[in-house]
Amino acid sequence: MDANALHFRKMNGLGNDFVVVDARTGALVLGADAVRAIADRKEGIGCDQLIVLESSEAADVFMRILDADGGEVAACGNAARCVAAVVAQERGRADVTIETENQVLGAHVGADGQVTIDMGVPRLRWDEIPLAEAFHDTRHIELQAGPIDAPVLHSPAVVNVGNPHASSSSDDVEAVDLGRIGPMLEHHPLFPERANISVVQVLSPDHVKVRTWERGAGLTQACGTAACAAAVASIRRELTGRTVRTTLPGGDLVIEWREADGHVLMTGPFALDFEGTLPAELLTPAGV
Ligand SMILES: N[C@H](CCC[C@H](N)C(=O)O)C(=O)O
């Protein structure tokens, strides 16, 4: 692969945005510095996550997910919809599969442009999130954020949908200073792998509002896995039914926690914003 002319797609799912590069034709080595340089909104292309497509033995494509801070993670719901759309077009079929670090996702690309991802069965045990301490009821864990005077998110529910999430109920998600509380909780010692932090406002038995501070990316316009985690948490707390419309700052996703097999299905849009070529200096940032 010619590292001096790396094609990329700029894509988004409800404003959660990605630089998508294709490494299926040749090895691509991207250090954390290069990921941060590409994700930089002032001097790079700018994105919440960098997505690398690789060949897979188990699925139509392998999706690597690198957060804007350079950390590699195992799940990204909004990106999965974007990748599914790319691969479905290549393969000429609506149903495709996406392998990630810890699971194979099924995807259906609808003629209406909505994409459904089968996110699998959520993990709910404290050691599957993971948490550093044992909590036997993960619908409510006690968490003090930072110093005693710091605002505390009320007893979040924790869920792993391929990545760790803490979702706290709020009467007004817009009033929560998530930019301040988010990083405190993301790095809380209870989360040995850090966590994505959300606040969830139940609007009706089939509709919630969600805002998220993403691990490794900060406040984003949408977080697909957080929408899944918030829906699972609300269903476990018997605040909603098993199909929930989740309204994120960037728009709506529909989440179903299917009774028959316990799988979580996420449905929503994708978008291709533009295509381009990554300049070599972003791939090997100066001083690296
Ligand atoms: N920041 C997340 C990964 C991206 C998740 C989000 N973009 C989504 O759509 O699920 C994490 O570190 O687990």
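In case you wondered, yes, glycine gets a Cβ from its N, Cα and C as well.
In TrEMBL, annotation is done automatically, which means it is predicted and not curated.
Under the DSSP three-state reduction, C76 (active site, proton donor) is assigned to coil, being neither helix nor strand. Long-range Cβ contacts of C76 (active site, proton donor) within its own chain (separation 6+, distance under 8 Å): F18, Q49, I51, M63, I65, N163, G224, T225. Summarising the annotation, TrEMBL assigns active site, proton donor to C76.
If you look up TrEMBL, you'll see C223 marked as active site, proton acceptor. C223 (active site, proton acceptor) is surrounded by 35 other CB atoms, counting those within 10 A of its CB over all protein chains shown.
Look at TrEMBL and you will find N16, Q49, G77, N78, N163, N196, E214, R215, G224, T225 tagged as substrate binding site. The Cβ neighbour count for E214 (substrate binding site), using a 10 Å radius and every protein chain shown, is 28. For the recorded site, E214 (substrate binding site), the DSSP three-state label reads strand.
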- [ ] Whole-number Å only: compute the distance from the Cα of G77 (substrate binding site) to the Cα of C223 (active site, proton acceptor).
- [x] 7
Task: For N163 (substrate binding site): DSSP state (helix, strand, coil) - done: coil
- [ ] Please report how many Å separate the Cα atom of N16 (substrate binding site) from that of C223 (active site, proton acceptor), as a whole number.
- [x] 7
- [ ] For the recorded substrate site, whose residues are N16, Q49, G77, N78, N163, N196, E214, R215, G224, T225, find every other residue on that chain with a C-beta no more than 8 angstroms from the centre of their C-beta atoms, and list them by sequence position.
- [x] D48, A75, C76, A79, T212, A217, T220, C223, A226
Task: Cα distance (Å, whole number) from C223 (active site, proton acceptor) to E214 (substrate binding site) - done: 7
